[in-house]
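Structure first, then comments.
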Amino acid sequence: METLFSGIQPSGIPTIGNYIGALKQFVDVQNDYDCYFCIVDQHAITMPQDRLKLRKQTRQLAAIYLASGIDPDKATLFIQSEVPAHVQAGWMLTTIASVGELERMTQYKDKAQKAVEGIPAGLLTYPPLMAADIVLYNTNIVPVGDDQKQHIELTRNLVDRFNSRYNDVLVKPEIRMPKVGGRVMSLQDPTRKMSKSDDNAKNFISLLDEPNVAAKKIKSAVTDSDGIIKFDRDNKPGITNLISIYAGLTDMPIKDIEAKYEGEGYGKFKGDLAEIVKAFLVEFQEKYESFYNSDKLDDILDQGRDKAHKVSFKTVKKMEKAMGLGRKR
């Protein structure tokens, strides 16, 4: 069975777009792959974080994974900072990366421009740590969006470089892009991806939004003026985005949605979608609360940490042996 790895930062509550584009797809693939789902809190601290808020959001994200349908008997869910091998392997990969290739990373450039009190070194060395996250578990598949594709390509380059210098120690991962239609856009500006860090709360629906508030956001979402319910990302981005959300939450094919609402106006469609979103959030949040407030969540994270440590420790030892670190035993 091939291995799949995915990491999400606990830097905010995931949106309904994250659910449709990632979490829901993870539930589908956990039967077909040996899956590792990592809450990458060490990546989060490359930018300043409030420690209490970070810990709360880490626990929230773990509960969200489980509420989405991740089964701890099928997949490994764990917290990055609880498995020391990540920073160990991250440092080893940092030593074979060049400053030039790290400075060329688009996310580094974007975040460096926003840095107020100097550029944190962690922003620059973020990609080798991300590469370590992946290679530690002999990962074959990494599902990512366009914004992370460059980092995975760097990971593949670092694997090639490491294997060339120290023999074939690491597995080279392949990139898997999200399914077509899995990309959910901003509700008020459907040319931009929905983001949990958006300054305007009307642009996104958080998985922990109050359901009635989320329904209002759907009803006020931007659409065009012709009133025809048709999936056309280039010419009708607003209604296309809402159709994507409808399809993502109901599993109804897009063609069937178009047929169902043929001759209907946007008001009817938005009203129905608002109720679908509301019902989804009510059920989702009930599951979330049952995990967040339970000791079972800690048991699952302990179990995931122990398995991740066992697997990653073996990879780190292979890397250290290849590089000549430590004593020969």
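Glycine is treated like the rest: Cβ placed from N, Cα and C.
Model, not experiment: these values are computed from the prediction.
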**Message:** For the feature motif ''KMSKS' region' as recorded in Swiss-Prot, pick the matching range from 103-107, 193-197, 268-272.
**Reply:** 193-197
**Item:** Same-site residue for ATP (record: Swiss-Prot; known: GLN9, PRO10, SER11, GLY17, ASN18, GLY145, ASP146, ASP147, LYS193, MET194, SER195, LYS196, SER197; options: VAL27, VAL184)
**Value:** VAL184
**Fill in**
Reading the DSSP string in three states, the entry for ASP133 (L-tryptophan binding site) is helix
**Request:** Take the Cβ of LYS196 (ATP binding site) and count every other Cβ within 10 Å, whichever protein chain it belongs to.
**Result:** 17
**Item:** Spatial separation of ASP133 (L-tryptophan binding site) from SER11 (ATP binding site) - C-alpha basis, Å
**Value:** 18
**Prompt:** Quick one: Cα separation, GLN9 (ATP binding site) versus ASP133 (L-tryptophan binding site), in Å?
**Reply:** 13
**Fill in**
For MET194 (ATP binding site) and ASP133 (L-tryptophan binding site), the CA-to-CA distance in whole Å is 25
**Fill in**
Counting every protein chain shown, other Cβ atoms within 10 Å of the Cβ of GLN9 (ATP binding site) number 22
